[in-house]
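Everything on this sheet refers to the single structure shown next.
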Amino acid sequence: MRKDRLLHLCLVLLLILLSASDSNSTEPQYMVLVPSLLHTEAPKKGCVLLSHLNETVTVSASLESGRENRSLFTDLVAEKDLFHCVSFTLPRISASSEVAFLSIQIKGPTQDFRKRNTVLVLNTQSLVFVQTDKPMYKPGQTVRFRVVSVDENFRPRNELIPLIYLENPRRNRIAQWQSLKLEAGINQLSFPLSSEPIQGSYRVVVQTESGGRIQHPFTVEEFVLPKFEVKVQVPKIISIMDEKVNITVCGEYTYGKPVPGLATVSLCRKLSRVLNCDKQEVCEEFSQQLNSNGCITQQVHTKMLQITNTGFEMKLRVEARIREEGTDLEVTANRISEITNIVSKLKFVKVDSHFRQGIPFFAQVLLVDGKGVPIPNKLFFISVNDANYYSNATTNEQGLAQFSINTTSISVNKLFVRVFTVHPNLCFHYSWVAEDHQGAQHTANRVFSLSGSYIHLEPVAGTLPCGHTETITAHYTLNRQAMGELSELSFHYLIMAKGVIVRSGTHTLPVESGDMKGSFALSFPVESDVAPIARMFIFAILPDGEVVGDSEKFEIENCLANKVDLSFSPAQSPPASHAHLQVAAAPQSLCALRAVDQSVLLMKPEAELSVSSVYNLLTVKDLTNFPDNVDQQEEEQGHCPRPFFIHNGAIYVPLSSNEADIYSFLKGMGLKVFTNSKIRKPKSCSVIPSVSAGAVGQGYYGAGLGVVERPYVPQLGTYNVIPLNNEQSSGPVPETVRSYFPETWIWELVAVNSSGVAEVGVTVPDTITEWKAGAFCLSEDAGLGISSTASLRAFQPFFVELTMPYSVIRGEVFTLKATVLNYLPKCIRVSVQLKASPAFLASQNTKGEESYCICGNERQTLSWTVTPKTLGNVNFSVSAEAMQSLELCGNEVVEVPEIKRKDTVIKTLLVEAEGIEQEKTFSSMTCASGANVSEQLSLKLPSNVVKESARASFSVLGDILGSAMQNIQNLLQMPYGCGEQNMVLFAPNIYVLNYLNETQQLTQEIKAKAVGYLITGYQRQLNYKHQDGSYSTFGERYGRNQGNTWLTAFVLKTFAQARSYIFIDEAHITQSLTWLSQMQKDNGCFRSSGSLLNNAIKGGVEDEATLSAYVTIALLEIPLPVTNPIVRNALFCLESAWNVAKEGTHGSHVYTKALLAYAFSLLGKQNQNREILNSLDKEAVKEDNLVHWERPQRPKAPVGHLYQTQAPSAEVEMTSYVLLAYLTAQPAPTSGDLTSATNIVKWIMKQQNAQGGFSSTQDTVVALHALSRYGAATFTRTEKTAQVTVQDSQTFSTNFQVDNNNLLLLQQISLPELPGEYVITVTGERCVYLQTSMKYNILPEKEDSPFALKVQTVPQTCDGHKAHTSFQISLTISYTGNRPASNMVIVDVKMVSGFIPLKPTVKMLERSSSVSRTEVSNNHVLIYVEQVTNQTLSFSFMVLQDIPVGDLKPAIVKVYDYYETDESVVAEYIAPCSTDTEHGNV
């Protein structure tokens, strides 16, 4: 070791003797700085420094990519010294990115400097974000959202968005928009959810021009908005030194008032490991009544929580539940407190990243406790390079201390600084958590300089706030000899942010005699262009070409140039009053406003659009180092001529590769440098004897270490809080009637005027809550701006709430409760009135008083016993009015509010008749040809009709689809809960749109309505899709169902036809077609898969030929060409089937023949079509110019009815297929075809129900399809009219006229007499469509039925208080009819008045293999049973009392065959305590 040191010293002496003194050089110096990452289509800068020029030169920059060479800039420079930055813009490139060569040339008469280096060129990517109007939606609501695009400077981009789509939780695409042009950088879209969407997480997906994919999630679920919020205040951090912890729990209504009730709080520490079997988690629980402020506060001793014991999580889990007084509504909130054993913690808040010999090394530390609270006046220790020498310092009142290290005599290359308060304790106890005193450490490398000249930018602590000018201190030490003959030295600086040079400048320093030490200040405005991170580089070139410089990083507040302010005026306003939303932004900004009920945000907090979230979209926030594929610099390839360097007679021997140099500063900022100056430290290529540890230590012992005595001013961010304007208020309104309760209130785009202001007049909704509003604005000049949240509290000093049941049966008695709440600070005297009505009788239960005294934050509840007298919807109007009174409330004087002295709430009660509702419909198509046509209408009622329940109406329409168009989403008075039934909500819209298009009657209003139904129906149908592309009646629920061939074909053709009107994902069509092709057998027929719910058509559909005919029809209606292989093969199957069918007996295969006739017609096989139609004509039922077809095995019609029953579903369906076969005859139907079709249509129209549908789903779909084809084939525009007169035998008579102007208008009148005899007369010269609908209730009677039904309650009698409020409904059913099994059966259980089903117990029924689905709809429970046989099925579920009702009437349970609705049975049940005279149910 000693020998090596002697050899090293000898070598150094030899080099000194051989070295020659270097002379100062005044050669021209060049430096060009360009970012290594360049974005296209946006201005970029490169900075040029020329020094000591002695001739005019041309500076040029060019970019070479592929075969293209593009000039970026050219500058002619005549000045001796020049520093400036030049702007240039790159055009968009074909690829998203490419590596290019940047060439710099500086050329003059004697100068020719050339450098070439790589840079990465990227196409500019827009920053796209999505905002929804709220974070969660209920089924059936409309999702509204905005798509916004800005560039990297946050200015709006009017780009073309190639694709936007919505995905449901199964990742099915349910909507899409293509080639959407953004205007002013924004576009607003909306999408209606179906009434039964898949619940879960949805997402909006945006694909940008550059190929980027942005996703924004939202949730769809059924929910009830919370009335109040539970706020839990616990310390974020609990120290093991704490003896007590304060827990505060408050309940606050969304309108800001305290909640009365009981709070229960539990505090738990869970075990940290499951293996701790010898311990149990520690929990404490307490309950208290909330005080008048809606809060409780409790001190908990930490010993009870064992916070110093090991084996538990270092967390305290707090759960608080508040049960609201009066309603027992519970809301829960959870919080977690971290438990820390950190007693003190030191951290560097401001420290030099490197050190420079001769410039003090500065550092600032902050001492905090485990909760982050500063510890003042505390002594701590400072150690340098782990030496045995320590210094110390004391923190100030803010817990801060600043110190410096004198670096003059430091000769090593690394500085290791450690600060600590307590020496580490190596002892450890397994049962107790030990105190932890954390120190901090920092390593700084030395900066290399040949001359010992340095410049240093002092770091700044914290984040710099926008809107002020920041001053940066630059310290320097300069070797006078290195200055040569300079009289002044120019320091140049530039600032980079987001990877772009944004600022530049120069500071000139006079050169003094002798070595120079000192500092100067640089300042720059802190604005959005330097956020979020600014990097400053300062440098100067000495005469010999050495570059001295430094770089520093500054954290900048995320801010935007467009300052947006949003405020409500007034900030508190009563419901239904007028308010103003004021927006201030950069002039001509377009502002997007949103205001949401705070309850929505309480239920589903969302990641709000904020300045931070927008900054997170930036592709480059801070450019550090070079991109991987351009990390090559020409200078890096230089050779190393010798292992030492001589400068001014001194020898420099590199000791470490960790030293920093100018090149490392530039590279750290991502800057490419083109220069002939000295920016690198010398390279060490040979092994140099290392310096001993002792030598390193001595270097630091000589360092002076001391505390800098200067005050510290923390640099904290400041925000301007603009108070809401409370000067304006709405005028006095004597009374409010509240009925408008939205979840999203404001969703608008508003343009700001040239003064930068916009004011929007709004009407406050009726919800008593707090509305949270936000806005973002877009300006071409100022870019994007985002407001802070503005609030409006919708509130009135007192209001009334009503409690009543959803429905009652006439004769029942219920209690109507009205609660008046007073939130005025003073007492008021209130008069509460229930508006009288002939529709009900009411008597007040409490002692009748003219007015009631209600003091501040108190409530008064009044009740009435109500007996409804009329049927239908009955309105109850309750008003609470503050009265003038000289009478005292207690000891207080009564006050009257200045505004909103009266509050009125109107709620509707459905009063139903006793018994079971029946509906009879009489429909006909009547054509007058100049002569009068009369019909007799005899309306009779059965003997068991319920008094006053009968009502009838008469309707006239001029269009064959008029009735269906009026009720397109309500064609059947039946549930739609399966995949087939949903299609009756979907398919008819297509037929209506096609028909109105063909007849040129389609209006925008009708189109918008039908398209909306298609969109929601499409969503619903996807619920029944299988992964393989098939569909089944109830979807892939519980893995019980296979894909259904028939339903898949039905959905496939309907989706394909809907493509003309709405977006349908092609993947759904392709997958279904593929699945069906796999079902095709070698003989061309299709294999049956899955189960059908309608046995009436199973005989045909399960037969290969019938199913194959149906599937072929579906494929042809897509339409697939006849030449398609699947269709061509199917034709072989159908031809074989017809050859078999025509050999059958009379009446057999009627359904199959009807399908084959239509299929051959679509295939263009007219010979087969005619052959089949002739065969069917022989089997037709013809009567009174009406034609239809029946099944041979048709069930017998019930006897003893007043009216002929509606035709079964299967017969309407097969008759409609025959009609389609006539109408699709090619090349066109003959006059004979149309005559036959007219007689068929007349029969079909007579089967139509009051809503325009038929008896079930498939007959409705096929019949409306056929009627639409008939209507289009026979439609003619004529000026002729028709008159319709309806009159009775007395004085009633009404006339209607039908002409071209009112073809689609539903003309309707109520008929006065029931029972009654009416005469209908039609005159004129056109066809009209007449319909009479009669409804009445009958009392249940024992009848023969193919179903056996038994219903009972558990308990059966009123055997205790619990039976008043809850009981179980149990029922059994079986099928006793002529068939082996029923079709799908609906069990419809109506609730007893005042009771509601317990939904979880209903849902559990779906676990049964016989139950396919359950629904809770209003006051009914629906159970879908796939089929019922002679085996008894049992079901049961619980019901709970919601509202007390007295004199309870029995409720009805109805079981019916969905496809043969005449097959039904009805039974009654009664609540156990409905006849309890002692307690009653009230």
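The chain as shown is numbered from 1 upward.
Here the Cβ of each residue, glycine as well, is placed from N, Cα and C on the backbone.
Per Swiss-Prot, these features apply:
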- Asn54: N-linked glycosylation site (CARBOHYD)
- Asn69: N-linked glycosylation site (CARBOHYD)
- Asn246: N-linked glycosylation site (CARBOHYD)
- Asn392: N-linked glycosylation site (CARBOHYD)
- Asn406: N-linked glycosylation site (CARBOHYD)
- Asn753: N-linked glycosylation site (CARBOHYD)
- Asn875: N-linked glycosylation site (CARBOHYD)
- Asn932: N-linked glycosylation site (CARBOHYD)
- Asn997: N-linked glycosylation site (CARBOHYD)
- Asn1430: N-linked glycosylation site (CARBOHYD)
- 685-735: region 'Bait region' (REGION)
- 1-25: signal peptide (SIGNAL)
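All features noted in Swiss-Prot, drawn onto the structure.
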residue : record                      : Cβ neighbours (10 Å)
Asn54   : N-linked glycosylation site : 13
Asn69   : N-linked glycosylation site : 12
Asn246  : N-linked glycosylation site : 12
Asn392  : N-linked glycosylation site : 14
Asn406  : N-linked glycosylation site : 15
Asn753  : N-linked glycosylation site : 11
Asn875  : N-linked glycosylation site : 12
Asn932  : N-linked glycosylation site : 11
Asn997  : N-linked glycosylation site : 14
Asn1430 : N-linked glycosylation site : 11
For Asn753 (N-linked glycosylation site), the closest of the glycosylation sites by C-alpha position, picking from Asn406, Asn932, Asn997, Asn1430, is Asn997
Using Asn69 (N-linked glycosylation site) as the reference point, find which of the glycosylation sites Asn54, Asn246, Asn392, Asn875, Asn932 has the shortest Cα-to-Cα distance to it. Asn54
Inter-residue C-alpha distance, Asn246 (N-linked glycosylation site) and Asn875 (N-linked glycosylation site) (nearest angstrom): 50
Candidate glycosylation sites Asn54, Asn406, Asn932, Asn997, pick with smallest Cα gap to Asn875 (N-linked glycosylation site): Asn997
Coarse DSSP state, helix versus strand versus coil, of Asn997 (N-linked glycosylation site): helix
Cα-Cα separation of Asn54 (N-linked glycosylation site) and Asn406 (N-linked glycosylation site), in Å? 42
Hey, how far is Asn392 (N-linked glycosylation site) from Asn1430 (N-linked glycosylation site), Cα to Cα, in Å? 94
If we check Cα distances from Asn997 (N-linked glycosylation site), which of the glycosylation sites Asn406, Asn932, Asn1430 wins as closest? Asn932
Translate the DSSP assignment of Asn246 (N-linked glycosylation site) into the three-state scheme. strand
Under a three-state reading of DSSP, tell me whether Asn69 (N-linked glycosylation site) is helix, strand or coil. strand
Taking only the Cα atoms, work out how far Asn932 (N-linked glycosylation site) lies from Asn406 (N-linked glycosylation site), in Å, as a whole number. 118
